[in-house]
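**Student:** After the structure tokens below, expect a handful of questions from me.
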Amino acid sequence: MGTRKRVHAFVRVKPTDDFAHEMIKYGGDNKTIDIHLKKDTRRGVVNNQQTDWSFKLDGVLHDASQDLVYETVAKDVVSQALNGYNGTIMCYGQTGAGKTYTMTGATENYKHRGILPRALQQVFKMIEECPTQAITVRVSYLEIYNESLFDLLSTLPYAEPSVTPMTIVESPQGVFIKGLSVHLTSQEEDAFSLLFEGETNRIIASHTMNKNSSRSHCIFTIYVEAHSRTLSDEKYITSKINLVDLAGSERLGKSGSEGRVLKEATYINKSLSFLEQAIIALGDQKRDHIPFRQCKLTHALKDSLGGNCNMVLVTNIYGEAAQLEETLSSLRFASRMKLVTTEPAINEKYDAERMVKNLEKELALLKQELAIHDSLANRTLVNYDPMDEIQIAEINSQVRRYLEGTLDEIDIINLRQIQEVFNQFRVVLSQQEQEVESALRRKYTLIDKNDFSAISAVQKAGLVDVDGHLVGEPDGQGFGLGVAPSSTRPGKKSKSKKMFKEQLRPSTPPAKPVAFEDFKNERGSEINRIFKENKSILNERRKRASETTQRINAIKREIDMTKEALNFHKSLREKQGEYENKGLMIIDEEEFLLILKLKDLKKQYRTEYQDLQDLRAEIQYCQHLVDQCRHRLLTEFDIWYNESFFVPEDLQVALKPGDSIRPGMMPLSRILSLGEDDQDRFSRLQQTMLPEGPDSVSFYNAKVKTEQKHNYLKTMMGLQQTHRK
């Protein structure tokens, strides 16, 4: 195990215009915070009321940005998690003090994101910097509301619904939540999508202290598993990072809670009280028992509180005079937390498959060493491999001859042969017992002395007397009587169960390629026919254009050859001397024929080239028609696919011919807040225009997708309610 270390405790002060400068002072080391209260004069002259407190912590974060908070509080914990150390970061404080802002941040603004999204980014960035390791990341999101456990990611379509309620289970490997879904994330954007999905499912309420008060404790866990890419390395490390956002403690008189919110506040204050009791017990070295099981919160955090974990506490406080009592309570909790020690250690495990491969490799090396040792010791060739059937049969024969006395001794070669000799002794002995029993059964009727029903039946038959002795001698020609098994009695027929296959409606829509083929044969048959005709015409024009191009190339080659021949005749004529008659050049017949041929070839070239230009214009027009048909076919398919598999069954009645809604009036893209084209443009705009840089793209992509999904669900619920009315 690792060495024990104390929990790191930080305090973050919420910025306010009404800061109590006279009552709250910061130390010069930026680690001390002093609280001063004025004495209550109503208590009289003798007044022993304490007025000053000083708290020494690991850091005071006043007017600190989200970047500074993460660098100070969480960066080291996350980086050590990839080395195999568990980590826990917890935000504690009164309601409205900024715990959720510190942990999650403002999801609408990338710059104001909190510890949790920054931790996800750091994990995936470090994975990119470790090419020698294969690292997998999984996440889960647990909510503890009114002492009940809820999975905030259970609303995902691929999450299997839990049949039994979630429970906290302890094992030698630690505490885990049975029934909590754990999701594999291969990239940063997927992890953000899971985070935003869970955030939308959290329970919040409004009261006088906080307009959006978290009414539950939430634990977002990042599971990391790192394997070496070297096949010989059988060890791998695992770790988990618990990011805990506690619900805020509140004074009921100040918050003005009523009804359901009052009940929630009671559960919250009760669980935080039990958490404080567990912290006090952990800080007391004399205490043997720690009350972890008093509530679900402390039980779920058992590994984090004083266990195998690097733990950091962020205490959020107000800086106003009206909240000074709650501030003192939160600072006392932070001071107690600093007394708690943890024992972080690297979580190393062994890959069974790689262990087997390494052991096989080591076994082969040991066999080679034995072979070398045998050769140096002048021993005969010894085989250390497992024995085959022929060798086992030979040993069996030697054992039989040894027992019969025809073989004096069995030569010992190696340990494996000795084990097989003893094994064959057992086999031969068992075979001899069976042979003796079968010989007796052939000659006698054997009855078990403990089988009283068989003995009674034999006595009634007169084969034995009352004392059990045989009457007469058996002649060996009879046959034994027995009781037939119930399964073979006449008149009994086994009943076979009939299995029926029910055609169930698929819970998920069919694959788009399969559905597309059905669409082309049914609703989209006419569009598909026009598309095929246009494509056929396009292919025919392309084929003609290709043939024309080949003819043009052939004519061009022939023109070049004719020009070369004419140039040759011209140069030859110049060498031999040119002849003129009345100012006209005299040429021979062959050169004259070449000139006529060149003229005809050029005419053909111009004609074919004009045909090619016309064909290209036709091809361009046909391509436009094909693209239009393809676009319409795909658009109609998307509308049909969405209306067939994503619109509820009760609304599909209205889509039938003759009803109020025509097919195509309600595509899925129109229900969403952003259409497909708008989303594509928005994605391109993000990558080029976001001021925060490329690191924020995955953050905003996940946010937009989550909002689109929930807007769609809200719209569909509204349509269903309208249809019911």
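The backbone N, Cα and C atoms fix where each Cβ goes, glycine too.
Marked as domain 'Kinesin motor' by TrEMBL: 6-340. If you look up TrEMBL, you'll see Gly93, Gln94, Thr95, Gly96, Ala97, Gly98, Lys99, Thr100 marked as ATP binding site. According to TrEMBL, the coiled coil annotation covers 349-376, 538-565. Annotation comment: TrEMBL describes 477-513 as region 'Disordered'.
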**Student:** Please indicate, using numbers and ranges, the residues of the same chain that are 6 or more beyond the coiled coil (538-565) and have a C-beta under 8 Å from a C-beta there.
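**Tutor:** Contacts with the coiled coil (538-565): 594, 597-598, 601-602, 604-605, 608-609, 611-612, 615-616, 618-619, 622-623, 625-626.
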**Student:** Counting across all protein chains present, how many other Cβ atoms fall within 10 Å of the Cβ of Thr95 (ATP binding site)?
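**Tutor:** Around Thr95 (ATP binding site), other Cβ atoms within 10 Å: 24.
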**Student:** Looking only at the coiled coil (538-565), report the model's average pLDDT.
**Tutor:** 90
**Student:** Around the Cβ of Gln94 (ATP binding site), how many other Cβ atoms lie within 10 Å? Please give the count over every shown protein chain.
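**Tutor:** A 10 Å sphere around the Cβ of Gln94 (ATP binding site) contains 27 other Cβ atoms.
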**Student:** Just to verify: the residue among Gly93, Gly98 with the fewest other Cβ atoms within 10 Å, which of the binding-site residues is it?
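**Tutor:** Each of the binding-site residues Gly93, Gly98 was scored by Cβ atoms within 10 Å; lowest is Gly98.
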**Student:** Just counting, how many other CB atoms are there within 10 A of the CB of Thr100 (ATP binding site)?
**Tutor:** 26
**Student:** Looking only at Cβ atoms, how many others are within 10 Å of the one on Ala97 (ATP binding site)?
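**Tutor:** Ala97 (ATP binding site) is surrounded by 27 other Cβ atoms within 10 Å.
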**Student:** Just name the winner among Gly96, Lys99 (the binding-site residues) by count of other CB atoms within 10 A of its CB.
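**Tutor:** The largest 10 Å Cβ neighbour count belongs to Lys99.
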